[in-house]
Amino acid sequence: WIMGHMVNEIYQIDEFVDLGANSIETDITFDDNAMAEYSFHGVPCDCRRYCHKWEYINTFLDGLRRATTPGDSKFRKELALVVFDLKTGDLSSSTANKGGKLFGQKLLQHYWKGGNNGGRAYIILSIPDLDHYAFISGFKEALKTAGHEELLAKVGYDFSGNDDLGSTRTALNKAGVKDRERVWQSDGITNCVSTLFRGLDRVKKAVSNRDSSNGYINKVYHWTVDKYGSVRDALDAGVDGVMTNDPDVIVNVLNESKYKGKLRLATYDDNPWETFKP
């Protein structure tokens, strides 16, 4: 999976997919009432990127729906997976549940069109703070209450704070997410700091958890990877996805002889919740 990083304006969806992304990551900020408000990152952000692109959340979700709805003039068949980087820093552990509920309602209305022929992409809810696990509980509750529990089959989960894997598993379980129930595990650091500085130790631990008989992880992705050498290192470590500002770099690496016969770009027909067995 090539995950286009920080796609916060609608026009960027085409820009990143044109460069080779089959997945995008979008930042979601919340107002004082725990309501998702903008697709917006703000400063600081990755080097060589403009931090202030934004849309109102409803506008962005409408654009995203069109990009992932077959038959729409804006449809991009390559775009199969969307990571919502939920900026829950302004939520407390007590308002996280409300934030999740409201976000679930918003996705149902603006992305899934009330469950009637909405966007088809798979969704990952990515939360930076383990203490905000109730966001997931609230989100699930909103879809169940609305009578659309079936849409949860399109939703996966990630905690992005580089926490201890055991603690991450506990937080997921507290949110009612079973082991390997559509779980992605991210690991990474801003591109302003070399990924060599962070190293791949935790990535490798996540990969071995994924591949063990008693792990909790379905897939592993590494962020934010823009340099050729770092992409190769991540692929050699066994990741399923790479989040990047430069999707074309990942495409070029995948076309190298070492990887060409081994790896290919995922399509919509590849289930992003199934652990890949080469």
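Just so you know, glycine gets a Cβ as well, placed from its N, Cα and C.
Just one of Asp72, Asp85, Asp90 is listed by Swiss-Prot for the same Mg(2+) site as Glu25, Asp27, and that one is Asp85. The disulfide partner of Cys45, as annotated in Swiss-Prot and taken from the candidates Cys47, Cys51, is Cys51.
Under DSSP, Asp85 (Mg(2+) binding site) is assigned to a strand (E or B) in the three-state scheme.
The Cβ of Cys45 (disulfide bond) lies under 8 Å from the Cβ of Met6, Cys51, Thr190, each of these being in the same chain and 6 or more residues away along the sequence.
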